[in-house]
Amino acid sequence: MRLVVVGAAGRMGRMLIKAIAATEGCTLSAAIERPGSEALGQDAGVLAGLPANGVLVSDDALAAFVEAEGVLDFTAPDATVAFAGLAAQARIVHVVGTTGMEPSHLARLEAASRHAAIIRSGNMSLGVNLLAGLVRKVAATLGTDWDIEIVEMHHRMKVDAPSGTAVLLGEAAAEGRAVPLAEHRVASRDGQVGARPPGAIGFAALRGGTVVGDHKVIFAGAGERLELSHVAEDRSLFAQGAVKAALWGRGRKPGLYAMTDVLGLDNL
Ligand SMILES: NC(=O)C1=CN([C@@H]2O[C@H](COP(=O)(O)OP(=O)(O)OC[C@H]3O[C@@H](n4cnc5c(N)ncnc54)[C@H](OP(=O)(O)O)[C@@H]3O)[C@@H](O)[C@H]2O)C=CC1
Ligand SMILES: O=C(O)C1=N[C@H](C(=O)O)C[C@H](O)C1
C-alpha cells in the first residue's frame with residue numbers, strides 16, 4: 001500500500017516513516033511538511049533515522065495524495081481538516097491521529113468521510129481501545145454515586161489538553177452512563193469552584209519531561225476506589241496502529257471509522 005506521511009518531521013511523523021519501512025506490503029510514497037518547513041527537501045528516511053530512501057520531503061500534498069492509496073496524519077486540527085478535503089478529492093484512506101479537535105473540525109471530517117474512508121482515533125493502541133471498552137462497562141455498572149475522574153500525563157511539548165485519549169475515555173464513560181459527555185465534562189478547576197456537580201466526568205492534565213502517555217480512569221465511591229490505567233512506553237505503538245488502520249481501510253467504503261472497528265473491539 002502506497003502511503004503518504006503528513007507532518008513527516010514531527011515526533012509521530014518520524015515514527016510513521018519507520019513503521020511503514022518495517023511493514024511488509026507498505027511503501028512510503030511521499031512525506032509532506034508545511035510550506036517553509038526546514039525539513040523540505042530532506043530525505044525522509046534520514047529524517048526518521050533510517051538509511052536514505054530517496055523520498056524527499058515536499059509541501060505539495062495534493063500531488064502526493066493522487067499518487068497514493070492512504071495518508072497517515074498526526075499533525076494539528078486545522079491541517080488535518082485541510083488534508084481531509086484533499087484525501088477526499090483523491091479518494092484515498094485517511095488515518096487521523098491528530099487530537100485537540102473542536103466540534104467544527106469534526107464536522108468537516110464527517111463531511112469529507114462521505115467521499116473516502118477516514119479512520120480517526122485519539123489513540124491507536126490496542127491497550128487504550130480495550131481500556132475504553134472496560135470503562136464503558138464499569139460506568140454502566142456503577143451508579144452516579146461513583147464519581148469519575150480521568151487523569152493524564154504527557155511530555156512537556158504536548159499542545160492540547162485534555163489529551164485525545166482522555167476525551168476518548170471520557171466519551172466511553174459517558175456512553176456507559178447513557179449521557180452526553182459535553183453536558184457533564186469538567187476539564188478545569190482553579191479557585192473556589194464549589195462542590196463537585198453530581199454526575200460530573202472530571203479531567204486533569206499533567207505535563208512534564210518526556211512522558212509518552214499515561215492515563216488513569218478513577219471511579220471514586222464511598223470508602224472505595226476503582227482505578228483503570230494504561231501506560232504507553234513507546235510512541236512506535238501508535239505508529240504501528242496507524243499503519244494497521246490504513247491497511248484495514250484499503251478498499252473500505254467511504255465513512256468515518258474508529259480504531260475499535262479496525263481492532264474488532266466494537267462490541268466490547
Ligand atoms: N492518536 C494517537 O494515537 C496519537 C496522537 N497524537 C497526536 O498527533 C499530533 C501530532 O503529535 P506530535 O507528532 O507529537 O507533534 P509534532 O508537533 O511533533 O508534529 C506535528 C507535525 O505536523 C506538522 N504540521 C503542522 N501543520 C502542518 C501542515 N499544515 N502541513 C504539514 N505539516 C504540518 C508540524 O510542523 P510544524 O512543527 O512546522 O508546525 C509537525 O512537524 C497531536 O495532535 C498528538 O496529540 C500523538 C501520538 C499518538
Ligand atoms: O501528543 C501525544 O504525545 C499523544 N497524544 C495522544 C492524545 O492526545 O491522547 C495519544 C498519546 O497519548 C500521545
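Using the three backbone atoms N, Cα and C, a Cβ is placed for every residue, glycine included.
Straight from TrEMBL, the features:
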type	residues	note
ACT_SITE	H154	active site, proton donor/acceptor
ACT_SITE	K158	active site, proton donor
BINDING	G7, A8, A9, G10, R11, M12, E33, G97, T98, T99, S121, G122, N123, M124	NAD(+) binding site
BINDING	R34	NADP(+) binding site
BINDING	H155, G164, T165	(S)-2,3,4,5-tetrahydrodipicolinate binding site
DOMAIN	1-124	domain 'Dihydrodipicolinate reductase N-terminal'
DOMAIN	127-263	domain 'Dihydrodipicolinate reductase C-terminal'
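Of the recorded positions H154, H155, H154 has the largest number of other Cβ atoms within 10 Å of its own Cβ. Its Cβ taken as reference, A9 (NAD(+) binding site) is surrounded by 21 other Cβ atoms within 10 Å in the chains shown.
Among the binding-site residues G7, S121, N123, the ones whose Cα sits within 10 Å of the Cα of T165 ((S)-2,3,4,5-tetrahydrodipicolinate binding site) are S121, N123. Other C-beta atoms found within 10 angstroms of the C-beta of the residue listed as 'NADP(+) binding site' number 15, with every protein chain shown included. Listed recorded positions near S121 (NAD(+) binding site): G164 (candidates R34, H154, H155, K158, G164; Cα-Cα distance within 10 Å). A Cβ distance below 6 Å to any atom of ligand 1 is met, among the recorded positions G7, A9, H154, H155, T165, by G7, A9. Taking the residue listed as 'NADP(+) binding site' as the reference point, the recorded positions whose C-alpha atoms are within 10 Å of its C-alpha, out of G7, T98, N123, H154, H155, are G7.
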